[in-house]
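Visitor: Features from Swiss-Prot:
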COILED    108-144  coiled coil
COMPBIAS  35-44  compositional bias 'Acidic residues'
COMPBIAS  59-72  compositional bias 'Acidic residues'
COMPBIAS  116-125  compositional bias 'Basic and acidic residues'
COMPBIAS  260-276  compositional bias 'Basic and acidic residues'
CROSSLNK  LYS108  SUMO2 cross-link
CROSSLNK  LYS179  SUMO2 cross-link
CROSSLNK  LYS208  SUMO2 cross-link
CROSSLNK  LYS239  SUMO1 cross-link
CROSSLNK  LYS239  SUMO2 cross-link
MOD_RES   ALA2  N-acetylalanine
MOD_RES   ARG9  citrulline
MOD_RES   SER11  phosphoserine
MOD_RES   THR19  phosphothreonine
MOD_RES   SER58  phosphoserine
MOD_RES   SER67  phosphoserine
MOD_RES   THR104  phosphothreonine
MOD_RES   SER206  phosphoserine
MOD_RES   SER266  phosphoserine
MOD_RES   SER276  phosphoserine
MOD_RES   SER280  phosphoserine
Amino acid sequence: MAAAAPDSRVSEEENLKKTPKKKMKMVTGAVASVLEDEATDTSDSEGSCGSEKDHFYSDDDAIEADSEGDAEPCDKENENDGESSVGTNMGWADAMAKVLNKKTPESKPTILVKNKKLEKEKEKLKQERLEKIKQRDKRLEWEMMCRVKPDVVQDKETERNLQRIATRGVVQLFNAVQKHQKNVDEKVKEAGSSMRKRAKLISTVSKKDFISVLRGMDGSTNETASSRKKPKAKQTEVKSEEGPGWTILRDDFMMGASMKDWDKESDGPDDSRPESASDSDT
């Protein structure tokens, strides 16, 4: 019996090896359908392959060999799935690297990050802003060059003097305007109702008249100064009128003489000389 059992096993193995390929395909198809229904992940698929392998072990020893042959393709499929996912990631990385490392011409803005035209424009705008800021700083520095904040405590007296001068100038200006208006009104009244005379009078009024009035409103100081100058001018005029005793030293010597009187003036001194000599003899 012991010898018969090994012989039967060998015969069964030979029969299984001689079975047609159709039966093997049917078995593998059934295993694949069971695996697809039960497996949700790669780990579940491995568990399902193990369960099917146990099932076939319990049925027969011959099917054990077939299940082992089927389990190996399951492991290979999982490995292939992992390799395919890694391969797709590597392909994506290679494609992105090619795109990023690709040298594009500057005239064609295909990739905005690699386009240097925009960078040049940004740098140009930045330089223009910096130049504007520098120009503004220079202008402010020029305007604030000689400006000094006044000190209220130290410059108190000078500020008072300046205020007095300003008030005097304003008062003098308004007084001059009022006086000039009065003068013009008086002249218009003197002209009467004739429009021609009024137009002629208004045309004669000019800026110089107002400036002369404004200069005449300097106050008592100008009047006293003018009164002091007048006597000096009179004294000089009197001295010039008296002049030197000898007529030759005068400035107007021979200015009013005519050609017909040339002999008379020359005879005068000659006639006087003998008279003086006769007087001396007597």
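Note: Cβ is positioned from N, Cα and C throughout, glycine not excepted.
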Visitor: Roughly how many Å lie between the Cα atoms of SER206 (phosphoserine) and LYS179 (SUMO2 cross-link), rounded to a whole value?
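Guide: Approximately 15 Å lies between the Cα of SER206 (phosphoserine) and that of LYS179 (SUMO2 cross-link).
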Visitor: How many other Cβ atoms sit within 10 Å of the Cβ of LYS208 (SUMO2 cross-link)?
Guide: 8
Visitor: Per DSSP, to which secondary structure element type does LYS208 (SUMO2 cross-link) belong, with helix, strand and coil as the options?
Guide: helix
Visitor: If you draw a 10 Å sphere on the Cβ of SER206 (phosphoserine), how many other Cβ atoms land inside?
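Guide: Its Cβ has 9 other Cβ atoms within 10 Å.
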Visitor: Rounded to an integer, what is the Cα-Cα distance in Å between LYS208 (SUMO2 cross-link) and LYS179 (SUMO2 cross-link)?
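Guide: Cα-Cα, rounded: 14 Å.
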Visitor: At a 10 Å cut-off from the C-beta of LYS179 (SUMO2 cross-link), count the other C-beta atoms across all protein chains.
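Guide: Around LYS179 (SUMO2 cross-link), other Cβ atoms within 10 Å: 15.
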Visitor: Average the per-residue pLDDT over the coiled coil (108-144) and send me the rounded value.
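Guide: A mean pLDDT of 83 is what the model gives the coiled coil (108-144).
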